[in-house]
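S.K.: To start, I am sharing the structure in question, which I have written as structure tokens.
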Amino acid sequence: MFVEGAPKLNFQFENEETSKAKGWFLILVTVISTIGAFLFGYDTGIVSGAMIFISGAFKLDNFWHELIVSITVFFAWVFSLLAGYLSDKIGRKKVILISSFILIIGSIVLGFASTKYHLLLGRMIVGAGIGLASMIVPIYNAEIAPQAIRGRIVGLSQNFICMGQFSAAVTAGALSYNENNGWRYMLGIAAIPAFIQFIGFFALPETPRYLLKKNKDKKAFEVLRKTQPNCFSVAKEFQDIKNTCIEQANHSENTFKVLCRILKTKSVRKALLVGCALQIFQQIIGINTVMYYTATIIEVSGVINKSTAIWYSALVAFVPFLCNFGSFYFIEKVGRRKTCLFSLAGVILSLIMIGVGFHLIQVNSPKIKYDVQERENNCTKFYTCPKCTAVTECGFCYERKDEYLIGSCLPVNPNLNFTSLHGKCMNTTPENVKFFKQSCADVESSSYSYIVIAGLMSYLVCFSFGMGPVPWIMNTEIYPLWARSVCNAIATSMNWLFNLTISMTFLTLAELITKQATFYLYAFFGCIGLIIFYKVLPETKGTSLEQSVF
């Protein structure tokens with residue numbers, strides 16, 4: 001159906017009986033564009049393993065640990081806000097090229113960092129690149145993909161995120177035996193896929209929707225012919241997009257006016273609220289706490305060997321990597337709404353399981369039975385191992401004599417993290433005397449670490465088939481073309497803002513209210529989200545990008 005008063009097209013359809021669509025071309029476009037999602041996943045995964053070594057190498061306290069992890073998130077949030085404006089001004093393709101170049105530079109800076117300030121700078125640069133990519137890659141894939149498989153194509157972003165996380169975990173495990181420089185290779189190697197995307201994208205097209213917005217009809221039609229499965233879908237899709245672009249051109253507005261129009265248009269305003277809610281709850285159920293701190297969580301649950309903790313985190317990342325491919329079935333067959341609700345329910349139960357694991361560790365951990373401290377200090381007030389090791393400057397020192405455990409909470413030696421400042425663990429200790437600053441390993445509670453690891457695996461499986469891809473997919477489907485870039489930028493920025501909030505507060509919360517209470521808090525947030533989405537989340541399966549669901 002044509003818009004009334006629409007001008008004639010500036011070219012004729014040529015040979016509509018055949019489509020030049022080739023499966024290989026669509027695959028090539030999708031894979032190269034989605035490398036941005038792979039890099040997103042690689043960053044969230046690699047920082048988990050790298051920070052175990054970086055914390056010791058640069059003697060970081062909890063604040064600096066959280067800052068180096070979270071500064072990337074902050075810059076990603078800022079640049080995700082700019083991505084919508086840039087994508088409308090210079091195109092989706094150029095924004096992806098810019099993000100790739102930024103990621104190359106950031107990875108190189110991290111690889112050669114010699115101080116914690118260099119690390120901070122590198123993480124800032126990487127955050128800028130990830131922020132641009134996180135917003136623009138789903139839009140690019142949604143606008144380039146045929147309607148029948150759009151959900152699968154956009155959902156590939158989540159698969160590539162999981163692939164990036166698993167690749168990061170394996171890379172970290174392989175490099176963990178090089179304690180001095182392994183972390184440099186972990187962080188610097190991300191420049192390779194970023195370079196591949198940067199070079200590859202020069203050969204890829206701009207999206208047909210952006211081309212039509214710029215009145216480049218013939219180029220847009222050629223792109224559709226390469227990506228659509230048959231001639232009818234090419235002609236229909238072209239005309240639907242063209243009509244929408246003409247209607248939008250008749251109401252051409254700057255970003256501020258578009259924002260005002262969004263707020264005044266009830267259906268779009270409601271869509272934006274739902275889109276933002278999806279992105280917010282994706283974060284406040286703790287996904288990037290799990291991803292950024294997987295190795296740390298495993299370490300504090302009782303696995304003290306750094307390489308072992310990293311390989312456990314690789315196992316945790318491998319399970320959702322496999323299960324994520326099943327999300328194609330749920331998203332396209334079961335639908336976005338049901339997939340999201342079932343996924344969120346599973347995430348809530350998994351968070352409770354992790355909390356129970358840490359609770360059992362605390363309940364069954366040894367108490368301070370014998371105080372050998374020479375003077376009063378901030379560590380003397382703790383009476384159990386978990387409370388002692390939850391504080392950065394304290395560590396648990398114990399001596400096992402037959403079956404009797406003699407334990408004390410001692411201040412950590414700032415120059416030698418594996419010894420105490422005074423007491424029995426002051427020097428290199430004999431075999432029956434051990435000192436731990438992050439966990440209560442090798443004591444009665446350590447067997448419960450497997451409950452925590454199982455909970456992490458369950459969490460990521462449940463998250464990967466629903467709450468991972470659905471927010472990104474639905475945010476590409478629920479907005480009209482005139483509002484899509486602005487609404488996506490707002491929703492994506494909400495994702496990064498709450499990602500920042502959660503990742504910046506995890507270690508602090510774990511110290512203040514205990515680890516188990518932190519995961520129970522995430523589960524509580526999940527329950528709120530489940531109620532909200534049950535009431536307001538629409539189904540978008542089978543709808544076109546030009547069709548409103550509100």
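Every residue, even glycine, has its Cβ placed from backbone N, Cα and C.
Note that TrEMBL annotation is computational and uncurated.
This is the feature table in TrEMBL:
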TRANSMEM  21-42  transmembrane segment
DOMAIN    29-541  domain 'Major facilitator superfamily (MFS) profile'
TRANSMEM  62-83  transmembrane segment
TRANSMEM  95-114  transmembrane segment
TRANSMEM  120-141  transmembrane segment
TRANSMEM  153-177  transmembrane segment
TRANSMEM  183-204  transmembrane segment
TRANSMEM  271-298  transmembrane segment
TRANSMEM  310-331  transmembrane segment
TRANSMEM  340-361  transmembrane segment
TRANSMEM  448-474  transmembrane segment
TRANSMEM  486-507  transmembrane segment
TRANSMEM  519-537  transmembrane segment
S.K.: If you count Cβ pairs under 8 Å, which stretch among 21-42, 153-177, 271-298, 310-331, 448-474 touches the transmembrane segment (340-361) the most?
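M.R.: If we count Cβ pairs closer than 8 Å to the transmembrane segment (340-361), 448-474 scores highest.
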S.K.: Considering only the recorded stretches 95-114, 153-177, 183-204, 486-507, 519-537, state which has the highest number of Cβ pairs under 8 Å to the transmembrane segment (120-141).
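M.R.: Comparing 95-114, 153-177, 183-204, 486-507, 519-537: 95-114 has the most Cβ pairs near the transmembrane segment (120-141).
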S.K.: Hey, which bits of the same chain come close to the transmembrane segment (21-42), Cβ under 8 Å, at least six residues off its ends?
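M.R.: Non-local partners: 96, 99-100, 103, 129-130, 133-134, 136-137, 140-141, 144-146, 153, 156-158, 160-165, 167-168, 190, 193-194, 196-197, 200-201, 204-205, 225-230, 234.
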S.K.: At a threshold of under 8 Å on Cβ distances, which of 62-83, 153-177, 448-474 pairs most often with the transmembrane segment (271-298)?
M.R.: 448-474
S.K.: Is the count of Cβ pairs under 8 Å between the transmembrane segment (153-177) and the transmembrane segment (310-331), pairs 6 or more apart in sequence, 3 or more?
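M.R.: Judged by the Cβ rule, the two regions touch, with the required three close pairs present.
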S.K.: Below 8 Å between Cβ atoms, which of the listed ranges 183-204, 310-331, 519-537 makes the most pairs with the transmembrane segment (448-474)?
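M.R.: Between the candidates 183-204, 310-331, 519-537, the best contact partner of the transmembrane segment (448-474) is 310-331.
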S.K.: As a test: from 95-114, 183-204, 310-331, 486-507, pick the stretch that has the greatest number of Cβ pairs under 8 Å with the transmembrane segment (62-83).
M.R.: 486-507
S.K.: If we skip the immediate neighbours and take only residues 6+ beyond the ends of the transmembrane segment (95-114), which ones have a Cβ under 8 Å from one of its Cβ atoms?
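M.R.: For the transmembrane segment (95-114), the nonlocal Cβ contacts are 33, 35-36, 39, 83, 86-87, 121-130, 132-133, 136-137, 140, 184-185, 187-191, 194-195, 197-198, 201-202.
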